[in-house]
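Chemist: This structure is in structure tokens; I'll ask about it shortly.
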Amino acid sequence: MNKLYIGNLNESVTPADLEKVFAEHKISYSGQFLVKSGYAFVDCPDEHWAMKAIETFSGKVELQGKRLEIEHSVPKKQRSRKIQIRNIPPQLRWEVLDSLLAQYGTVENCEQVNTESETAVVNVTYSNREQTRQAIMKLNGHQLENHALKVSYIPDEQITQGPENGRRGGFGSRGQPRQGSPVAAGAPAKQQPVDIPLRLLVPTQYVGAIIGKEGATIRNITKQTQSKIDVHRKENAGAAEKAISVHSTPEGCSSACKMILEIMHKEAKDTKTADEVPLKILAHNNFVGRLIGKEGRNLKKVEQDTETKITISSLQDLTLYNPERTITVKGAIENCCRAEQEIMKKVREAYENDVAAMSLQSHLIPGLNLAAVGLFPASSSAVPPPPSSVTGAAPYSSFMQAPEQEMVQVFIPAQAVGAIIGKKGQHIKQLSRFASASIKIAPPETPDSKVRMVVITGPPEAQFKAQGRIYGKLKEENFFGPKEEVKLETHIRVPASAAGRVIGKGGKTVNELQNLTAAEVVVPRDQTPDENDQVIVKIIGHFYASQMAQRKIRDILAQVKQQHQKGQSNLAQARRK
């Protein structure tokens, strides 16, 4: 994506004119300007320079009385499903952007592009060409919090790539293993190692001291701690604080953290700029609830054990640019470093649990994109492939080639109904479109009911998206406290004849389910089956726990169904004999 289209040029513009304006704004380019009648093309050395040229010139710089319009040059055959949206307000919430994008079709992927501009940029992939065309037509120039969005195509490489060289490692266009590929055949899938970096927030005035003269100090830190350290100096220009990412083992991260903290304390003392320099750790919002613990118990224990004072930034600070919470630790250097070890231990545990749930979801729901759903850090590099086998799980292809419709009942606080519905029903409509599911809120059972039932009908991926957004909305709207994890009760219906299989002999299966998923799973005894001869299974837990339990129960039901069909087939064959 390094080739640029330069539009809105006067007929008299020459290559020399363009060379001059690029030089004046210090924008690098490679090769020659190819000037046509009213437009031109040029190559940039890399994607960074291409984005910088677009941000610098497009609609801002005049040449011979006309404002330049610059965007990625995309051949017609590659104008398919991918677009880039620029000039997004930096404080915009993901929820708002996702709702806007979902109005024009199914978003398969949405990822943020790192730029030096104050506004945000995202690359979006829709499910088909027509949806993309509608999005460009409606969103280009759309006003969002006093920012006019700029939308253009970016190359969709899959359109021109063949099946052999266009995709990675035996996977189809949406992530499914192709028939005959090693993963599809059940070969061992190699798990990537967990790499969740330690992210620190440091005052900008200390960044120079951390890097050192010609990078000597930071090289010394990386060498001693066997780590890779990225100082994000160019992001959020003018900000009072900068992020530093440390990639290493937990021990290496902690050693690097201590060295960086010591440098900041020394610099503060030498320059007399601060009496105290707290340790600030960045953690994705998805993990913070489990770090805090029920009623804040986990966090209180860390404070007591390490003799530190720990505070966490508000949920209200989360924006499109910033899905992370800031954990501020105050105390002596040694104590702060001990607190870092405990905090990151909790964060890594939460991450590993989510990766396990994510692996199961990607195994059972091919094509599921958790970053696009907005439930898993898009920055996480360690996204494992689907597991080659999951205990008790039948291969997806064997029983769900056409995903079956599932009906799930989720119980939410009664006072949250308005937030889920939204003004004039807008939010629930957008949620339904986004998830491709039917979402209805049942009337209250009694006038003073404290909970309301949300009925979601759709295939597994739709269930995942819809339920995830409901959990997220309840947290965002503060229906659960800042130190409280969102745990909801969910009901799924199973055939009465299969309830015993869910429970297992002596409750063995249901106990294993609870241990595996961390959700509470209850099959109420003495239930009267409904008109469809089904009974209720109750699941209580946070989002990933609930999802994992739901999928495992569906596995059990699928196996029961398979065995029943096999038995019927054998019986029919015996009769024919």
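From the backbone N, Cα and C atoms, a Cβ is placed for every residue, glycine too.
Per Swiss-Prot, the features are:
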DOMAIN    2-75  domain 'RRM 1'
DOMAIN    81-156  domain 'RRM 2'
DOMAIN    195-260  domain 'KH 1'
DOMAIN    405-470  domain 'KH 3'
DOMAIN    487-553  domain 'KH 4'
MOD_RES   Ser12  phosphoserine
MOD_RES   Ser73  phosphoserine
MOD_RES   Ser181  phosphoserine
MOD_RES   Thr528  phosphothreonine
REGION    156-190  region 'Disordered'
REGION    312-323  region 'Sufficient for nuclear export'
REGION    485-495  region 'Sufficient for nuclear export'
Chemist: Cβ under 8 Å, sequence separation of at least 6 from the ends of the region 'Sufficient for nuclear export' (485-495): give me the contacting residues as numbers and ranges.
Modeler: 289-290, 292, 294, 406-412, 451, 467, 470-471, 474-475, 502, 530, 532-543, 546, 550, 553, 557, 560
Chemist: Mean pLDDT, the region 'Sufficient for nuclear export' (312-323)?
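Modeler: The average pLDDT of the model in the region 'Sufficient for nuclear export' (312-323) works out to 67.
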Chemist: May I ask for the distance between Ser73 (phosphoserine) and Ser12 (phosphoserine), taken between their Cα atoms and rounded to an integer number of Å?
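Modeler: It is 22 Å, counting Cα to Cα.
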Chemist: Are the domain 'RRM 2' (81-156) and the domain 'KH 3' (405-470) near each other by the rule of at least 3 C-beta pairs under 8 angstroms (pairs 6 or more apart)?
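Modeler: Yes, the stretches contact each other.
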Chemist: Between the residue listed as 'phosphothreonine' and Ser12 (phosphoserine), how many Å separate their Cα atoms?
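Modeler: Given the Cα positions, the residue listed as 'phosphothreonine' is 83 Å from Ser12 (phosphoserine).
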Chemist: Provide the number of Cβ atoms within 10 Å of the Cβ of Ser73 (phosphoserine), excluding the reference atom itself.
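Modeler: Its Cβ has 22 other Cβ atoms within 10 Å.
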Chemist: What counts of helix, strand and coil residues does DSSP assign across the domain 'RRM 2' (81-156)?
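Modeler: Going through the domain 'RRM 2' (81-156) residue by residue, I get 20 helix, 29 strand, 27 coil.
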Chemist: Determine the Cβ neighbour count for Ser12 (phosphoserine): the number of other Cβ atoms within 10 Å of its Cβ.
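Modeler: Excluding its own Cβ, Ser12 (phosphoserine) sees 7 Cβ atoms within 10 Å.
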Chemist: Taking the Cβ of the residue listed as 'phosphothreonine' as the centre, count every other Cβ atom within 10 Å, in any protein chain shown.
Modeler: 6
